[in-house]
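Copied over from Swiss-Prot:
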TRANSMEM  20-40  transmembrane segment
TRANSMEM  199-219  transmembrane segment
TRANSMEM  223-243  transmembrane segment
TRANSMEM  258-278  transmembrane segment
TRANSMEM  303-323  transmembrane segment
TRANSMEM  337-357  transmembrane segment
TRANSMEM  406-426  transmembrane segment
TRANSMEM  561-581  transmembrane segment
TRANSMEM  584-604  transmembrane segment
TRANSMEM  613-633  transmembrane segment
TRANSMEM  672-692  transmembrane segment
TRANSMEM  694-714  transmembrane segment
Amino acid sequence: MKKHPLHMLGRLVAGKNTQWITLSVWILITLLLSFTLPQVNSTKEPNPKNLPETAMSQQAEALMKKEFPNNAGNPLLVVWYRDGGLQSQDYKLIQDVYKELKASPLKEQSTLPPFDTIPEQVLSKSASKDGTSFVTPVFFNKSAGTDILKENLDDLRNIVNSKVDEDPFKRKINDAGLHVRLSGPVGIQTDAVSLFSQADVKLLVATVLLVLVLLILLYRSPILAILPLLVVGFAYGIISPTLGFLADHGWIKVDAQAISIMTVLLFGAGTDYCLFLISRYREYLLEEESKYKALQLAIKASGGAIIMSALTVVLGLGTLLLAHYGAFHRFAVPFSVAVFIMGIAALTILPAFLLIFGRTAFFPFIPRTTSMNEELARRKKKVVKVKKSKGAFSKKLGDVVVRRPWTIIMLTVFVLGGLASFVPRIQYTYDLLESFPKDMPSREGFTLISDHFSAGELAPVKVIVDTKGKELPIKEELEKFSFVNTVKDPKEGKENKQIQMYEVSLAENPYSIEALDQIPKLKNSVEKVFKDAGISNAEDQLWIGGETASLYDTKQITERDEAVIIPVMISIIALLLLVYLRSIVAMIYLIVTVVLSFFSALGAGWLLLHYGMGAPAIQGAIPLYAFVFLVALGEDYNIFMVSEIWKNRKTQNHLDAVKNGVIQTGSVITSAGLILAGTFAVLGTLPIQVLVQFGIVTAIGVLLDTFIVRPLLVPAITVVLGRFAFWPGKLSRKSEEVQKVDA
């Protein structure tokens, strides 16, 4: 008789003395990879591109570098601000600072405007209309790395501070006196990298502590609380150099944001997989005296669900490879590799640790068989204690589910549907600067510029055209729009004089959704000019660039990725469920319930973020991030519980199979859900809004799955469908006596 593959796996990893071999292999591989390959943190790209080269704004940027080159370098914008108006001493300070920068340039300084020689009266004319703000640039070499730039900015701060009594960089904006902020591309870049580097350490420490505390509270065993963390640690010891190797060879690209979220996913999902096996192991320890036999049975019983859950997440997250938006695409491989290795760790090194510690791993609540308890009581000359039945709440829940399935379905759908109804009201933003803390120096400087200077002049739209040698009324056409403030006279290309660039200042905030919506109007109006002039293929003679155009492309590409990835991911997970459960009906309602849970989480997240935390909008990337994680991880819990119902149905009638499935998986899935939600909630403590928003929405979604979808909605639907829940599998043809189900 052919043995089950999971039975063979159990014999392999949970045989006598194999635990030491398994542990030795893991230690050897971890040490070998750690000392021979780079760690993933050393291969992160500080400023990876998100838009593809085919995007119109990126084509415009490439053309501008060729035809309208700016050899000055990367700009740092030094913002000088004093409420009530800049004073003579402030302009004198600016002159002195630039005089010193001219005499002793910063290491990577490339170009410096001559502010040291410009009279105060002339300088003051370039200040904001209210006289409170003045912006001076310092240009740096484009090849300069972030670390070197950070040192240069520190040197600049020291120069300014050496000429004043009180540090103007640390003075709060609302306080009296001179304020200086470093903004622009260089200031934002250095602040962002510093922010993410601080977030990495904070995130790791907070996640480890949270998981440890939750495990101790839930299982009341110090050893059991540490084991999942050890397993995750070993998994990370292989994941980090593996990803570092792939990134070092240019096969993948990784960024700080992806690594931060991967850390959370690893601890959350990894701990869940460990708990699935540990809970089964504990059950079998109550029946089997041999820890080896108990663990082999546990691996056979839970291994399929763990493998299926990990495979669902791996393939689900792998669909992000289809994304054109860089931030999405960079998530795919690191996350899939991390979960794949974590799944292997849960079924190999975790059993090794469980065998090494044996029953002691559950100390002080050690699980023993009845005969072992009797023997222990005899030796201690005590009466055998009759253990109270655990899981009373799960039993009541199971009873309610099978007795009142329609009531539960209507109530849960009403709650989830009510939350989902807020999704159409969500406002989105694609301005990444809004994702950073309001008190981040470069953002404060940027806010000062936008508040005291024309918003449109801050980031003009660059309209570039190939006139084909014709006189075209493009400027006049662009000036007709009410949302256009000014249009500068065109500049001619350096190499091709027929190429012209118009700088268009918008009347509204160039980073707003309203401004993004004007880009197609500008494009259509210029194409009309081409058409009227008899120039064919107008779309090939026109490029629109600048920050507003880049954000417009971001919006378009993000929406394209959602339209492609969501149906592909649903199809892949549906196929996996069909293969695993052999039921078309179950596949459909499991997918539908998780998708409903996603929309509910998005609606609930908006309620909390907008009305509770005052966020005017959420980042446009959040829906796809949340969908991919919630659908993949949400199916984990469904798979674990439904596989238990399917197993029970082989020996029990339908209602008992569902009821016992809820009871048997209740505590472990609740524990796993709390831990996973907790780890994502840790993201909410970070100063980076895109991570805060993602963490909150995902944590809410996990909680909805844990406490509503998994224990109530899914089993209630299974009860109502009866044997059709298994159709067309063999279980759908299994006969049973009819049992009454109350509506």
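Even glycines carry a Cβ here, placed using N, Cα and C.
Of the Cβ pairs linking the transmembrane segment (303-323) with the transmembrane segment (672-692) and spaced 6 or more residues apart, fewer than 3 are under 8 Å, so the two regions do not touch. Same-chain residues lying 6 or more positions outside the transmembrane segment (20-40) and placing a CB less than 8 Å from one of its CB atoms are 13, 234, 237-245, 247-248, 254, 259, 334, 345, 348-349, 351-353, 356. Most Cβ pairs under 8 Å with the transmembrane segment (613-633) belong to 694-714, among the candidate stretches 199-219, 223-243, 694-714.
Taking Cβ pairs closer than 8 Å, the transmembrane segment (561-581) reaches residues 304, 308, 311-312, 315-316, 319-320, 322-325, 328, 587-588, 590-591, 595, 623-624, 627-628, 631-632, 635, 639, 642-643, 646, 729 in its own chain, all 6 or more past its ends. If you look at the transmembrane segment (694-714) against the transmembrane segment (199-219), you find fewer than three C-beta pairs under 8 angstroms, all six or more positions apart, and that falls short of contact. Taking residue pairs at least 6 apart in sequence, the transmembrane segment (337-357) and the transmembrane segment (223-243) share three or more C-beta contacts under 8 angstroms. When Cβ-Cβ distances under 8 Å to the transmembrane segment (258-278) are tallied for each of 199-219, 337-357, 406-426, the top count falls to 337-357.
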